[in-house]
Structure formats: C-alpha cells, structure tokens
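Here the structure comes first, spelled out in structure tokens, and everything after it is commentary.
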Amino acid sequence: MNKKFKYKKSLLAAILSATLLAGCDGGGSGSSSDTPPVDSGTGSLPEVKPDPTPNPEPTPEPTPDPEPTPEPIPDPEPTPEPEPEPVPTKTGYLTLGGSQRVTGATCNGESSDGFTFKPGEDVTCVAGNTTIATFNTQSEAARSLRAVEKVSFSLEDAQELAGSDDKKSNAVSLVTSSNSCPANTEQVCLTFSSVIESKRFDSLYKQIDLAPEEFKKLVNEEVENNAATDKAPSTHTSPVVPVTTPGTKPDLNASFVSANAEQFYQYQPTEIILSEGRLVDSQGYGVAGVNYYTNSGRGVTGENGEFSFSWGEAISFGIDTFELGSVRGNKSTIALTELGDEVRGANIDQLIHRYSTTGQNNTRVVPDDVRKVFAEYPNVINEIINLSLSNGATLGEGEQVVNLPNEFIEQFNTGQAKEIDTAICAKTDGCNEARWFSLTTRNVNDGQIQGVINKLWGVDTNYKSVSKFHVFHDSTNFYGSTGNARGQAVVNISNAAFPILMARNDKNYWLAFGEKRAWDKNELAYITEAPSIVRPENVTRETASFNLPFISLGQVGDGKLMVIGNPHYNSILRCPNGYSWNGGVNKDGQCTLNSDPDDMKNFMENVLRYLSNDRWLPDAKSSMTVGTNLETVYFKKHGQVLGNSAPFAFHKDFTGITVKPMTSYGNLNPDEVPLLILNGFEYVTQWGSDPYSIPLRADTSKPKLTQQDVTDLIAYMNKGGSVLIMENVMSNLKEESASGFVRLLDAAGLSMALNKSVVNNDPQGYPDRVRQRRSTPIWVYERYPAVDGKPPYTIDDTTKEVIWKYQQENKPDDKPKLEVASWQEEVEGKQVTQFAFIDEADHKTPESLAAAKQRILDAFPGLEVCKDSDYHYEVNCLEYRPGTDVPVTGGMYVPQYTQLDLSADTAKAMLQAADLGTNIQRLYQHELYFRTNGRQGERLNSVDLERLYQNMSVWLWNETKYRYEEGKEDELGFKTFTEFLNCYTNNAYVGTQCSAELKKSLIDNKMIYGEESSKAGMMNPSYPLNYMEKPLTRLMLGRSWWDLNIKVDVEKYPGVVNTNGETVTQNINLYSAPTKWFAGNMQSTGLWAPAQQEVSIESKSTVPVTVTVALADDLTGREKHEVSLNRPPRVTKTYDLKANDKVTFKVPYGGLIYIKGDSKEVQSADFTFTGVVKAPFYKDGKWQHDLNSPAPLGELESASFVYTTPKKNLNASNYTGGLEQFANDLDTFASSMNDFYGRDSEDGKHRMFTYKNLPGHKHRFANDVQISIGDAHSGYPVMNSSFSPNSTTLPTTPLNDWLIWHEVGHNAAETPLTVPGATEVANNVLALYMQDRYLGKMNRVADDITVAPEYLEESNGQAWARGGAGDRLLMYAQLKEWAEKNFDIKKWYPDGTPLPEFYSEREGMKGWNLFQLMHRKARGDEVSNDKFGGKNYCAESNGNAADTLMLCASWVAQTDLSEFFKKWNPGANAYQLPGASEMSFEGGVSQSAYNTLASLDLPKPEQGPETINQVTEHKMSAE
C-alpha cells in the first residue's frame, strides 16, 4: 500500500575514474618481453619515477630573438625524495554479475552506483533497511592494482551469501524482481516508492534461505504483482544476470578489463537537468502516440514526437506492453532506428511506419486502435512480433553479393502475428506498405568511418596529405629531459562516436608498415646469422595493434564534436610551420620559426574543412567565422614551463577565417558560426614546487562551460554546428565542477575520464635499452646472454631453422631476454660497466667514431660489424641503426616530440573493420582474451565489439553457403571467414580448410571439441554464454539454427538422446474451432525429433498441417538474456506439410513434435513418423509413453491443459495423488476460469474456453530454462522459467499457484475489467477468485485492504493512478467484498429462469456473482435487460473503458457507485515531468459518464465499496 506518492529520484554519484600519472621512461630493462609503456586499455600503466640521483644540469636550448613573452629560465630541477605512496581511494560499484550496476542502494553510506572506499576496509551495502552485502576489500590494496580505480562488487560474492547457491539465487531473484527501472538494461534500481515496498523487500530478504522454487513463488506473488505500473511497457522483469569471467575489472587501466567497462565511464547525472526530446522516424519526421517511460516521468510522445526527460537517464519506448526499445537520454533527437541494433532498429522503424497514420507536417501518429489490439496480447506480444528477425539485407562488395530473406515482413503472413496485423489493418483503414523492399541495404565495408579518417589523414586525395603526425610531449623537466608523449585518451563510449587517431602499441610500434620487424611474433629477435634461414618479416597491418584513441569524433544531431587530447595543437593554428619546439610570435605577430613540415598544417586544414561541412576550403576564396573561448595559445618549449604565448588567432595560411570571442552560446546559428574551438576548463598555470605537475593541463576546478552552456552547445550541434576541443584533461572527472564538460562529451558518445596518455615515445633511453633509436645514427651490439655457456637457441644443421631452448623444453619462464652487451673496465681504480653502444652525436670526427667501434670489437673477440645493410636490428654483431632526426633531450634521452606514421594502410589497420576476415579474427581474439583471463588475445572496446558483432550477425545468421574462390579479388576477406566456418563445420565450405593451427587453438580454448572427446567436431556452447565476452561462440551458436553443419553439444540443453529412431503411426485430431487463441488445437504427439538426425512425417490428411518442433521463445537480441544464455537463442522449427504428402527434415538441437491442422470440420487422420524417439507422455489418465522414455522432456495432457516439463518432474513426488491428481487440478482450474468469466455454453456468446465436446482444444503451459520476458509470461503456450531437469517434483500447483493464475489470467482477461493501466491487474482478479474459491479467502489482499479506506482518502481522487499493480487490485477486491453483502444475483433471474450453476451462494463467493454477470453482460447477455431499463451499459462503449466499467458495475449492482469510482478513478494515468515535485494526472472516468450514471437515478449505497477494509474468510471444506 503506497503511503507516499511521489516517485523518488535517487541522485547517482559520478563514476568517472582516476588513474596514476604516467611517469618518465628514460631507460629500460632490456627485456625482449617488455611491453611499450602505454597500453591499449587492457593492461595497467606502470608508474615510472626517476631515480633520486643527482640531477645533471639541463642542456639549455637556444632562445629565438626576439621572444615577445619569454618564460623565466627554469632553475635546476629538484631531486624529488621518494615518498611512501598512500593507498589510493577507489570507486566501487555494486553489481549483479560484475557488470549490471545496482542503484538505489547505499554502500558505506554513498550511492551503490559509485561509492568511495579505501582498500582494506569493509564495504557494507544496504537496500531498504537491510544489509544485503558485505565485502572484504583487502585484495584491492595489492600494488599491482594501484592503477585500477574502478572496482565492481558482485552481489553474488557477498559474505552473507557465501557457500549457499540457494541464497545467491534467491537474492538475485528478489533484487531483479524489485527492479524499479526495468527499461534500463544496464542497471537494476532498488528505489522503493513507498515504505511498504521497502518493508516488503526487507521481509523477503530475511527468507532467502528458502528453497529456490518456494522463494520464487513467494517473490512472484509478493513483489512482481506489486510492480510499479507505468515504469516500462512491460513490468515483467527478467531474473537473468550477466555472466562474467571472474577477475575482470570495469576499469580500462586494469590488466583484465571487463567487457562492458566503457559503460562505467558514461555521464551519470548528479543533478536534474530538464530536457526536451523528440522521437523521429528514419526520415526525420516526428512520431506521436508512443508511450515513453523514465525514472523521473512518463507520458506519450506529442504531435511532433516531443517528450520530456532528465538528461542522462534511461528512456524506454513502447506501445501498451510491447517494448520498442530503450536509450540513454544523452541527446535531444532520438530516432526509432536507435532503439535497437542495426537490424532491430530498422524493424522498429518499419513497424511504426506500417501501423501509423500521417499527421500534420508528415509526422507519424500511432492510433489508439493499435494499442487496443496489442493490449489483447499482454506481454506475449513481445514474443509474437519478433523485432530481431533479418530484414532483407543486401550484403557484399563487387562480385561478392549476398541477398538475405526478409523474415521480419514474412512473420506477418502466418500465425498470431498475422491475426494481429489483420486486426490492426482492419481498424486503421489498411496498413502502410513497406517503405522499401530491403529495409537495410548494408555493406560491412560501407566505409563511413573509414571515409572520415581518410579525409582527415589526407588518404582521400581530395584532402591534404598527412604522412607524419606530430605528438607533443609534456612540459616536465627531469635530468634535462622533457616529458613523455602526451595524447590524452578520448574514448568512444557509444556508437555515436569513433576514433580518428590511435597510436600503435604492438611490439614493433615505432616501425612503419613495410619496414622489417625488430621483434617476431613471439617477441624474440630474429636470428639471421649463418647458417640460419630466418629472415625478418615486414611490419603489416595484420599484426598491428593500437592504443585507445587520443583524437575522437562524435555525432550530435547534424553536428560534430571532435576532441584532441593535448592543448598544444592550438599553436599549430597560430604557426602551422613553427610549433614543434620553442616556437612563438614576435612583436609584429609573425611566427619566429618556420621549419616544421606541412603535415600538421594539412591535418588542421582537413579538420577545419570537415568540421565546417566544406563551408571553408583551403586554398580557395572561402570564409568562415570561428567562435572560441580561448584567449591564448602556448608553444611547446624546454622545461617545466607554460611556453611562449600568443593571442589565439589563425595564421594567414588559413585564409578567410575570422575569430569571434564568445562566452555564451544560446541560439547560435551554425550558418553564421559553423565551428567553435573551445576549452572546457582554464589551464593550470601555477604548480609550485611539484616536479610532476604538468603545465597547461585542464584545471577541472575552474570550468569555462556552465550546464546552460552545454545545453546550448548541444542545441547548436543538433542544428549542424561543430565543436573542436583540444585539451589535456588529467582527471577522473568526478568533480562537480566537471559535470558540464562530461555531459558535453557524453552527448557525442565520448569520455576523457580514463586519465592517461595513450601514445608511446619512440624507444629512446639509456644506452642499455635494446632496440632503441636516437636522433643521430647509433652502433650497438645486442645479444642473448648465454645459458650454461651456450646460446639459448640452436640452429638445425639440416633445416637451418632456429630452435629456442625454452620452447623445446616447454619452460615459458625461461624465455631469454635480449640485452645490450656490456663489459667491465677499470677507470681510476674502479670497475665500471661499459655498454657496447655508440651514439654518433658523441663523435665529431670519423677517426673518433672508428676508434669507438674498434674499442667494442676489441672487448668482444670475434665480434664483427653486421653485414645486412637493409636490416638494422640484427643481433650478435655490431649493428648500425639510422637516426630519427628528432632531437633528444637531457640525460634521459627523451625526444622533443614523437611522430606517428600515417598512411592508407595505417588507417585501415587502425579501424580494422575492413572485411569479414579481419572482423571474425578480431572477435576471436576478443574471446581468447576472456577465455585466457587476459593472457592471450586482445580486448575490443565495447563500442567496437557491438559494431563488429552486429555486422557479423547479419552475415552469419542465415543459411547462405559461403565460399572462397582462388584467383579472385577478396575484398571481404572470405578466405579467413570461411576458414573459421570450416573449423566449426568440419570443412563443409568450399575453397579453404580449417588450418591445424586454428583448430588446435579452438580446441585448446574449449570452443570446439577435439578428437579425444566423444563429442569430437561439436561446438561447445559454453553456457551460460555472454556475447560480450564470447562473441564468436555466440555468433556460431546463432548460425547453428540455420547451418546444420555446425553441430552443437546438446548435453546441457535440451538433453542428449542415445536411442535409435523408430517409426510410429498416430491418429491426430485436425479440427480447429477455438473459442479464443490461447486455447488452441496444436496436438502433442509425445514424439521427439533427435538433434541432427533425419526425421520424416507422412500425412494421410486431406488438409495441410503445420509441423512444429520444440516450443521455446526466441531470445535473439534480448539484451538481458544475451549476456547469460543457457540455451540456443532460437530453438523452434516449423514445417509445412501438404495434404497426403511427406516432409523430411533435421533439427539442430532436438525437440518435441507437434501437429496443427486447420480443418473447419471434425476430422482426424493418420500420420507416420520415421526416425523419432518417444517422450514421456501422460494422457487420458494413463501413460501413453512410459516415464523412462528416452526423450529429455515429457508432457501431461489433461482434458483442458497440456503441460510440458523435464521428464523427471513427471514423477510428481509432491502430489499424493500423482499425475492423476495434477491433471484433475489443471482441469478444475480451467473449469473455474470458465465459471469466473460466466461461460457455460458450447456455442454463442458464452462459449467456454475448453470443454469435453471440443476435443483437442486446450490451454498450454511449458517450462523452459529461459524465456523471453519475465519469470513467466502469457501466451500459447504460457511460458514459465522453472526448469529443473533433476527434480522429481512438479513446479506448478494449479489450485494454489499465483503464477499460473496470473499468466493464464493475462490470456483470458476481458472487458469490462480491462481498463487502461489494468494489464497487470485485471488478470489478477481471476487469481483472487481462485484464492477465495479454493483457499477460503483472498490472502493476496487481506493485509493491504485493512488500510484501503485511508489510502483512498490520502489519494485525493487518484488512487488508481498513484498506485502500483497491488494497490489497484484493491479496487476490485473492495467491489467484490461490497457485493458479498449488497448484491443479490437472483434479482436478475426472475422466477422460472434457471440460475446458471457457476453462480455461488457460498459465503465468500457470493460477491463474485457481480463480476460473473458483468462479464456476461459485456458479451451481450440479455437476461432481465427489460426489467432494468432496457439498455445494456456493459456492452455499450463510448470508447472509454473506465466509463464502461463504472456504468456496468453500477447498472448490474443497481446501485450508484459513483463515490467509489471517484476515489479510485480507474484508467487514469499519472505522469511526472522532470523536475516537478507533484504528479500530474490524465484520463480516468469522464464527467459524461458520471452524468449518465446520475440520470439512471440509482440509489446510493449506505456504505459504499470505498469503506471496505477486510476480506471475507470461509472455513474451507472439500468442494
């Protein structure tokens, strides 16, 4: 019972991360297995601080003359004392499964979705008034985890749940069922809208030690049926929790990063920012009439598609209980196509197009008739209309073109989808035809992202060429050396954004494509000396890997936001050929240096051209105004200094650009100012004595953009404006002052919260660093140290191949490390280590250089100068290595700047979305990463993962026979693609074979079974399966439904059959005349089609039939299931069997066989099944097939129900009367349902759903391991997620089971009870009837009804709208209890008129007579109409269901119940605009209905139903 009516909005704590600063890396260990100092987001960033040794004097750099704003010459650098590092504070997140965040609870007094803790202290999490989880965090104090700032705590790992799988299962079940934001797939909200909800949660959490099935029933009745209404299209919540590999961290700095870590960097609002949005179709027209739901409000999209929301929250869209999809509210225009992945999004757009009418200005309007039809199929509508089916994509490039079927459109030609489609089209004057035949003409290599990169890099010849990209270094000063390369990470966290530039981080990262590698694939040097035949391979894009981006681009509406992670790039605009080192401008504004190449000028010209949408063109007579909030640019120079400064301006080479200083951005017109160059923060210009402080980084305590500025900038970009930000944000961005900046980036799908540089220096360093380069050429002798007096390798005399000892002995820990050779030499009486290293810069004459070389040769007798002049990384000889021409600085030999090679190949390699072969390989490497706990493979950014996974699903989820043809262009990478397919299909595809190397890897990593297994050649489905961790397995599992060459291990689901098939003939009823769709005539055969075995069915019927194998929901694309699949997502197969014909088929996984005819005449026919095995089948009171029949599932068929369940359940050990009693109870329930709805005839208006003389028409109830929506859902069959193959008990008790009453009640619910908002209520009235009839009282409402009158008084005439489903149920309960003493059914049946038997005079049941007569009257019953005015107010409708309910109840009761209905106002809807403190209301009973009721002049009750505060209790005797 809700005593508080305002929805609470929990403020979410910011979740953006902090990481340690990168230090300097002057030297190196000389290890060949050293990774570059910057990682790709999959490993921790080491913190390297200089040794506290005496600080040599810096080498002063020449100062240009004149210098207009000279910086003071820095003092000699301080020698920092080593300090004990404090244990860093970290940010924790309470999660389910490590990835689904829990909000609304508190941990250590802060929000559970981002709380601070210190490693070593306990974390205690509370929901309601209950401690639900305690965690020990001592392990987080490990030094190896210092760089990891974000930590997820899984509820399942709580100390309270340790050692009990039942407790874990029950705790998760309760939390997911209590979710108050079911539309948000990333979070679970434990925000209770009333004290009662909170107490209910507390009470249930204390009972988590119950058996799971018992607890599930308790939760289903107590929680799910009190669901907060109007929070999502469907309030059915799924108990599925993401499955994640133990040890993953949601921090991109971790060594083992979780698959969805990027979500933890999204903007989380700390304040309510009221926003207006628009829902549009793919043509940009507004979509009106769609329900939307957020945590802060709800409503229906307006005439132009407008809706209100609070920035950053999840927004869900739907029509009645039909779920269209949900998005984060971080933009103001949301397209239907964005509500799902590419395929689903196109289907949503097509569905709305089909069922909408055209409004003003070409808007799409969803009429109320669509909602009404959908309402007849509550929840199951999501299963009937499948939005994830393929939609006729055309795939390919050049000659390689594949056309896929349009399953989405085809589904409306058969079954219940056809019935719904026909009904809607009849009510809306015909539906719209498909807008185009192929909804998505898509090409995996469509190149949109690649095209943008090619433009900006100048690969596109219409743009300026950029071959070397300049990366500035930090302005720190250790030992006279400048800081490390600084490209601050700008991560794309949604598919609205993509990277523009990522630096390489593979082992040969500093070598350009086409150069010879320094390291081989095992990170060993190439042994090229005689007699070895080993030759170094070239660096190629196939072996390249990349760090996270430091330049990224995001789309916001029609505009763009580009972010570059360093402020020095602004100086290139001022002096495009004088920026790299010690640049500046003189007093006349002229650049003091002009020696830098054109590459970066060209890059900036490309950026300005692209961001302005070609409004500005270089070298052309074009002009553009650029707005900015920058006043000054600073040039990079030596020392810990800001650098030379100059006013922000454009060099004259950027012709035609005018700068407009700006401080506000409201109503800015992109036509007038197409581009803004902004900073989010002031610069850090003071740093005291901190030698690690980096000048010019963003001072996040001093924002330059307010939240209003950000709102205005987003509006500006939506209209087509572009924003360029060049800034070094070294912060985890948790500060309140940074929230506007974070929101701005988030709107474009970007985040800078990673707080790390992602560019490696060139490998310069101390002389002992292997593989290094200097500005000038060097000479170096690199070698592997001897082991036991011998090299760590041998060269085979015969094959000339190099054999490494550690590999031969399988001792990976003994892998040798390359070193720069050294020797000891006495200097002034001391032994000093001398390295075999020469920098030519130290030798001014040829004679000096020759002497230095000879000194090394003399130190190592037999050493020679290397002979291969084309390869500069030879070992075991004195090697010449050319210089880079980039000056190095100071005693740590750090280059002044770093250069990245750009080329067409680099562009393709960076994006790595070029072809199918690359894509499938990348997904495989991503899966290896998780299967090996990060030791192998490479993790994909979650945005890239989604993009590649969706692309590949389009290619793989069909039955196309792909092939590779030698000698033809292979633009799409079919060679690699088909090789992978062949590994899963035992070489069924033409042109390639599964290579031994790939096959071994797949077997070793448990993706397919090897020859030693009894399942050799099968794929391992790896349940529970999370596509974000194992995308290749998920893709192949999806394909296995079409491609029977992929054989899936079915041991876990549905179960293995080890019996040979047999031939069986059965006579099957084909008559079809259902009263309602949910009691249909699909016939069970009790036969099983084994997986991958040929089955044939021969028909002697004179009518065609449909054959169905397996009854299971399609889980494809259902986000909550895709992260924890326990079975193949698609299982059901259907086949058409013509009259007197035969059909032969194989099914992928096995399943029970069903036959459905459509004969309008009573008839049956023989069918002969070949290759089938028997399943346990109890029918007509006996076993037709024994319980020990081979199939894993069995069925019970009673007179009214067919019940499907794992066969052991059919032992029915929980039923004293066994299956006979269970069957009788099912039939009793079916008969009682007929009674409740007043159905007692075999034809006409009051025809029963099921009855003896309607053979073959029955309700269906099936148990499955995973279902599409909720714990259970309505439909034909009703689906239930209770699936316990090892249990001997039946999970259902038909005469005491809220779940079956609730779901079957959904199917049967009908007018006049089905008012708006009653979807999860009207069905439960049947359940109350069952409780009264078989348990003696309405237990479900017995407690809540005691305070119902007070609740009505406090609700101010809006009790319905303010309440949840449980509260609304009280309205019907009060009406029934009032009728118990105030309604006499006999008044309606005068003497001589027989009283139908379903009416009852029993105490506690008499009140139901009112409902039964209301149902009959709504169907047009005529008894005594003439006696009571002649007009049937239950059968007539003005279109308002709430009016009908009030008039019907009052007329049948012959009592004016207006006061009761005024207090409840059923059918009303509450909505709350973001920021509003009070709810608003709409709908409900109309004034005209009250006027009509008043005109009937019915007596008012002495005590109306609104006064009822208790239920009638009847002491039960056997009925």
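Cβ coordinates come from backbone N, Cα and C, glycine included.
Record note: among 226-247, 292-313, 754-775, 798-819, 226-247 is the stretch given as region 'Disordered' by Swiss-Prot. It is 1497-1519, from the ranges 347-369, 1497-1519, that Swiss-Prot records as region 'Disordered'.
Confidence for the domain 'Peptidase M60' (1080-1380), expressed as mean pLDDT, is 96. Helix, strand and coil counts from DSSP across the region 'Disordered' (1497-1519) read 3 helix, 0 strand, 20 coil. Applying DSSP to the compositional bias 'Polar residues' (97-107) sorts its residues as follows: 0 helix, 6 strand, 5 coil.
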